[in-house]
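What TrEMBL says about this one:
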TRANSMEM  28-47  transmembrane segment
TRANSMEM  54-71  transmembrane segment
TRANSMEM  77-99  transmembrane segment
TRANSMEM  142-161  transmembrane segment
TRANSMEM  167-188  transmembrane segment
TRANSMEM  195-213  transmembrane segment
TRANSMEM  219-236  transmembrane segment
TRANSMEM  248-274  transmembrane segment
TRANSMEM  280-300  transmembrane segment
TRANSMEM  307-327  transmembrane segment
Amino acid sequence: MSTWLRTVLLGAAGGGLAHWAGFPSDWLLGAMLAVAGAVLLGVNVALPRWLLPLIQACLGVAVGLRLDLHLPGPSSLLISVAGLLLCLATQIPLGQYLLCRLGWSRQEAAMGSSPGALSVMAALATQLDNPIRVILSQTVRVIALVGSVSVAMVLEWVPLAPEPAKLTLSAPASLALVVLAWGGGHLLEWLRVPASHILSGVLVAGICAAWLGESILPVDGLIPASMVLLGALVGSRLRPLPAREMAALLAAGLLVSLSSSLVSLLWAWLVAWWLELPVFQVWLAYAPGAVEAMIYLALVTGLEPSWVIFHHVLRIILLGGIAGWLMRRAGMAAPGTESR
């Protein structure tokens, strides 16, 4: 319990400092960097994994209360989905090639190059003798994504959204929505629906917003608190290693993150040009993973969080579906097939 408290306090301090300094995505980035820095200094930090569904429920509620169902028409959506498929078909082989060139095994490269679905790839990595390569490279990917987008916002390459709504829900009502979203998320998870708690939050809060007849905000502090917890959770996944090995893994993670991000930016630019949409909006939807962070960034920039959710959920479904094929292609049995 003391470790959990220490981690939360470090995250809150980092997030608060970033907020005071005026950084975009302040609570998320500040908490993540503070806790990751503590890990590298040898401080014992950790948070329970059961916090992630709760964080996802909070994010889903925040999106649902501001839900805009005006997605592009069928033809535009088809073009966007085709762009996402082409993006994945480019990212995965390129990432595998780069990691194999760095001396990774085919199995490690298959999981380490995945542009998203961190939890799925981390679970698969437990079948390896040493899963640290995959887990660390995937964690670096998330950190690099959040950091790069934050830099773009600091440089004012993308504008922050104006205040989206004046009405704010009370604390009991906001917490009630989160609890309902959390419970509904468990049901959807049992039904094997991906991103279950986020989708449950969107559905529950969207119904509430429709009933009230206007866009509203959750109680003040709900989103900053959830972002502090998310940043601390991501940062705590790093583990100290010998300096040379840590540097090599960080470099590999950054290389794959950079290549995947550039590929997604290329496809996002093409799709955005064709559909006449903001490039950053399409890139948030095509970004290689970090779904919670991308949804939060879509919220603060006002760039259609509903659009971002749709594409990330589709990506999770696709990556989860092809995980077994990737493992077989890499010469490794998928979970549950070892005895066949």
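Note that Cβ sites are derived from N, Cα and C of the backbone, with glycine treated the same way.
Here the structure is a predicted model, which means the values were calculated and not measured.
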Stretch of maximal Cβ-Cβ contact with the transmembrane segment (248-274) [cut-off: under 8 Å; candidates 28-47, 77-99, 167-188, 195-213, 219-236]: 77-99
The transmembrane segment (167-188) and the transmembrane segment (195-213): do they have three or more Cβ pairs under 8 Å, with pairs 6 or more apart in sequence? yes
Surrounding residues of the transmembrane segment (77-99) on its own chain - C-beta under 8 Å, 6+ positions past either end: 71, 106, 108-110, 112-115, 137, 252, 255-256, 259-260, 263-264, 267-268, 270-271, 274-275, 282, 285-286, 288, 311, 314-315, 318-319, 326
Against which stretches of its own chain does the transmembrane segment (167-188) lie, if we need a Cβ under 8 Å and a gap of at least six residues from its ends? 53-54, 56-58, 60-61, 65, 196-201, 203-205, 208, 212, 214-220, 222
